[in-house]
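The domain 'Pseudouridine synthase RsuA/RluA-like' annotation in TrEMBL covers 20-140. The annotation active site is assigned in TrEMBL to ASP37.
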Amino acid sequence: MVHPGAGNPKGTVLNALLYHYPQIAEVPRAGIVHRLDKDTTGLMVVAKTIPAQTKLVRDLQKRKITREYEAVAFGVMTQGGTVDQPMSRHPTKRTHMAVHPMGKPAVTHYRIMERFRNYTRLRLRLETGRTHQIRVHMAHIAHPLLGDQTYSGRPRPPKNASEEFMQVMRDFKRQALHAVMLRLAHPITEEMMEWYAPLPEDFVTLINALKADYQLHKDDLDY
């Protein structure tokens, strides 16, 4: 959770930033340049000064900051692609986002990293940064993210899955989405900088379970 909200007044990224760097209380939004969805892990950009934040926000708006994610999506996908669909608030579910022709531009690029039974591991790059963008775009093309309680509906495990695999699925209680890479120009020196965040333990456990399930049943697959 990035910002405090209903039911989460403490234990947020913003609270932690203010505790460790009290001087950033003077910076709008405590220096946060962009946010991650609740339960999405990985990298974020935070500025410690107002000039740095102003420059980074401007670069983000001009699409000069590269953000890449790893995800696991439902379905066996055959090729990568781009989702170029505008987004806005859902007309009736106000906490949801949706593809809408009158919404703001939203572009997500994706490529296949690995295929399993029923699921595909993806690397995605955001060209824009709308709320819930990857989750909404992947659901829009009928490949919602594994574990996404908001946009994917009920879990859809493969047939004849082992009890060990099913337990891993039950234990994974969030969307399978991780911000793995950030690339940007330093706001003062203009030096290009790049960071990578390794997959968290729960994501690694999930990938290993998907691989094991695939190996167990690969002779039964027709692709």
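Glycine is treated like the rest: Cβ placed from N, Cα and C.
All TrEMBL annotations are machine predictions without curation.
A quick note: this is a predicted structure, and the numbers were derived from the prediction, not measured.
Remark: secondary structure over the domain 'Pseudouridine synthase RsuA/RluA-like' (20-140) totals 30 helix, 41 strand, 50 coil, with classes taken from DSSP. When pLDDT values are averaged over the domain 'Pseudouridine synthase RsuA/RluA-like' (20-140), the model yields 95.
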